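Novice: This is the structure I have questions about; it appears just below.
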Amino acid sequence: MKILCVLYDDPVSGYPKTYARDDLPELPGYPGGQTLPTPSSVDFTPGHLLGSVSGELGLRSFLESQGHELVVTSDKDRDGSEFDRRLADADVVISQPFWPAYLTAERFARAPRLKLALTAGIGSDHVDLDAAIAHGVTVAEVTYCNSISVAEHVVMSILNLVRNFVPSHQIVLDGGWNIADAVARSYDVEGMHVGTVAAGRIGLAVLKRLAPFDMHLHYTDRHRLPLEVEEELGLTFHASAADMVPHCDVVTINAPLHPETEGLFDDELIATMKRGAYLVNTARARIADRDAVVRALQSGRLAGYAGDVWFPQPAPSDHPWRTMPNHGMTPHISGSSLSAQARYAAGTREILESFFAGTPIRDEYLIVDGGKLAGTGAHSYAVRG
Ligand code: NDP
């Protein structure tokens with residue numbers, strides 16, 4: 001089979017020869033009991049850079065030893081890109097949210113052999129799920145592989161914004177010492193109200209991590225958490241984002257992008273937030289209206305916005321989120337730490353092993369299968385229908 005894998009570019013300084021640390025911690029499993037990926041074996045060193053082109057997700061020797069052909073490229077967007085050229089005879093496309101190979105309906109039509117669209121990460125919104133359903137293509141992702149990585153980034157971003165870390169660091173880089181400039185926008189999170197839109201794997205992990213900061217915790221979700229979880233963490237449930245956000249000093253978005261969430265944070269919803277609220281979005285850029293966010297930062301309705309998700313990706317150099325005031329944006333990195341890469345590379349191999357053997361792909365990895373939403377997809381996504 002032909003496997004077409006689209007990954008982000010290698011470091012500009014070249015593929016690393018050494019690393020900052022020698023190993024990764026051993027984890028017993030994911031919170032809640034889901035097991036870590038279980039491929040038959042792996043051919044890479046956990047902690048090495050696997051997510052860029054030369055890292056190849058550690059798949060080459062495994063695939064070639066079984067007679068498959070692997071093409072890895074970062075060239076996905078320009079007219080006549082390698083991705084577009086290779087699509088016609090690809091059986092499997094592997095892509096990542098960080099550097100998404102957008103599988104549009106038009107591309108599905110040009111990929112007659114495609115059977116599996118595999119997301120080496122979480123979030124398959126770069127795949128047109130309606131088109132996947134129509135073409136009978138299975139969509140799978142490595143559920144849970146980087147949920148905790150993202151939750152850590154969310155907590156970091158909240159602290160960064162509220163405590164005004166980035167401008168304070170810039171003062172140091174600039175050789176300065178003006179404490180007043182740094183602290184004139186700096187607060188404590190203690191006692192603030194923080195709410196998450198969605199309390200799935202990431203959202204709940206964020207709430208758990210923020211509880212020790214003595215914040216008041218709020219959430220909204222399509223399904224309510226078990227009562228004992230609400231009681232243990234002292235959570236306040238709200239029926240909708242609109243109900244929740246007026247109560248919050250900090251809002252974090254942790255829902256998938258699908259028709260129900262697209263454009264949710266528009267001018268209207270943001271206008272109901274407290275003046276000086278902070279918004280952290282590591283879910284998907286298009287859950288927020290790009291220009292409404294810029295306007296809210298300029299007017300002071302929002303005191304800060306942070307996250308790592310943009311549209312499109314990579315973001316153009318003139319994307320307004322690069323230059324808007326009081327932001328803590330990064331490229332799409334939160335779910336691609338070296339720790340996360342080891343898990344999603346192993347999970348990708350596990351899914352491929354099942355696919356080649358014709359054995360079921362774990363239900364928790366499935367988004368679309370058999371011409372309909374399946375597994376995790378049936379639980380967390382919606383389609384236009
Ligand atoms: P989960 O599937 O565990 O959680 C998603 C939650 O969103 C579910 O609880 C789901 O509800 C809820 N939800 C869906 N639609 C709505 C809605 N309209 N309103 C409120 N809640 C809703 O996924 P994860 O927590 O692991 O990941 C969440 C998202 O984060 C991913 O879809 C992805 O877009 C993004 N992500 C970003 C990464 C990054 O690197 N920045 C990496 C990984 C993920 P229920 O199931 O109860 O119906």
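Numbering starts at 1 and runs along the chain as displayed.
Just so you know, glycine gets a Cβ as well, placed from its N, Cα and C.
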Novice: Examine the ranges 19-38, 59-78 and name the one recorded by TrEMBL as region 'Disordered'.
Specialist: 19-38
Novice: Report, in whole Å, the straight Cα-to-Cα distance of Asp308 (NAD(+) binding site) from Asn146 (substrate binding site).
Specialist: 14
Novice: Please report the three-state DSSP label of His258 (NAD(+) binding site).
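Specialist: The three-state answer is coil.
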Novice: Please give the sequence-distant neighbours of the region 'Disordered' (19-38): residues at least 6 beyond its ends with Cβ less than 8 Å from one of its Cβ atoms.
Specialist: 46-48, 142-145, 147-148, 201, 205, 338-339, 342-343, 346-347, 349-350, 364
Novice: Rank the binding-site residues Glu260, Asp308 by the number of other Cβ atoms within 10 Å of each Cβ, and give the residue at the low end.
Specialist: Glu260
Novice: May I ask for the distance between Pro256 (NAD(+) binding site) and Arg284 (site 'Important for catalytic activity'), taken between their Cα atoms and rounded to an integer number of Å?
Specialist: 7
Novice: Can you tell me how far the Cα of His258 (NAD(+) binding site) sits from the Cα of Arg284 (site 'Important for catalytic activity'), in Å?
Specialist: 10
